[in-house]
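In what follows, a structure is listed as structure tokens, so that the remarks can point back to it.
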Ligand SMILES: Cc1cc2nc3c(=O)[nH]c(=O)nc-3n(C[C@H](O)[C@H](O)[C@H](O)COP(=O)(O)OP(=O)(O)OC[C@H]3O[C@@H](n4cnc5c(N)ncnc54)[C@H](O)[C@@H]3O)c2cc1C
């Protein structure tokens, strides 16, 4: 690995990417550039685009599966900083740590992202898959995303509507080569120190209140952190259950017709009274639970005999027990996908972004 410093921009050659990911997996990048200002980010993107070098944007590496061969091109690590709160408006630089930003909003008495506490990674990545948990998602509070548009070669401000947010998806995820997020703006709510109405039954239950109720912000955040920790969903370097990308699969959204077929298959396999989880997911669509499917297909917590296994705390997290390769992880993921398809006719889709590999 060769290191070079161009002004303040740090540049490494043949740089390992595994330590930059929460899976701790993946080979090296030809070049790794760390940018600490928007101008450095833009300069690095322009330089790569000018000579046709493939570009991989890396935030906190908590939603990345990088192939064992690594990345042939420039990996650009976004390490910009900036957190401005003015009234109920929050603006975050893309490189800010999301969990710190959430803690700051709670301290400031502002509601809207308190249930997104504990989600690892950077603020700039939150719009990419419209991060969500425990009844909140950033689509509700983001007002604008400031991004560098690689196609037009200029910085643009996108309204929330222009970001086309949906469940674990956005315009950025749909068109990953186009935008590099520089800053994200949020509009929060001043509810006199109370949280947004709790939407998630599990959180409400843990707090001893009803869904729809508000609770003191700090209590909402701490409860979510506690629930998440119990599922291995808060990073802990000592705990291999958190050497993951969180949920490895998204919850399948089926058309009502496909859901009826799936429902019949569930009853055939699990008995007449069997009911799969079903949540409304927009006109004519129903969402079911990937965790339920995986579990009922026989892949229970801790499944796997090798160095990549299902988390012992959550069926939806695939984990590196310390010595796995990306191929080990993918072999497990493929086994789960094939098993669920065979049992229930539903094809699971990966949530993390795959770099140089696929299922
Ligand atoms: C233990 C654990 C729990 C998790 N829980 C949740 C959860 O509850 N809900 C949830 O939604 N997610 C969850 N995740 C997934 C992950 O934390 C989020 O998706 C997070 O937003 C990823 O941020 P990151 O900075 O690590 O992105 P990275 O992994 O670095 O990148 C992810 C993708 O975003 C792109 N990207 C990153 N930054 C930018 C940028 N500035 N501009 C353009 N593209 C960019 C990358 O190129 C890549 O395609 C969890 C992960 C772990 C490890």
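Positions of Cβ are set from backbone N, Cα and C atoms, glycine also.
Feature annotation from TrEMBL assigns domain 'FAD-binding PCMH-type' to 25-191.
Other Cβ atoms within 10 Å of the Cβ of residue 168 (active site) number 19 in total over all chains. Here TrEMBL flags 168 (among others) as active site.
Taking a C-beta cut-off of under 8 angstroms and a sequence separation of 6 or more, residue 247 (active site, proton donor) has the following same-chain neighbours: 290, 291, 316, 317, 351. For 247, the entry in TrEMBL reads active site, proton donor.
The annotation active site is assigned in TrEMBL to 351 (among others). DSSP classifies residue 351 (active site) as coil under the three-state reduction.
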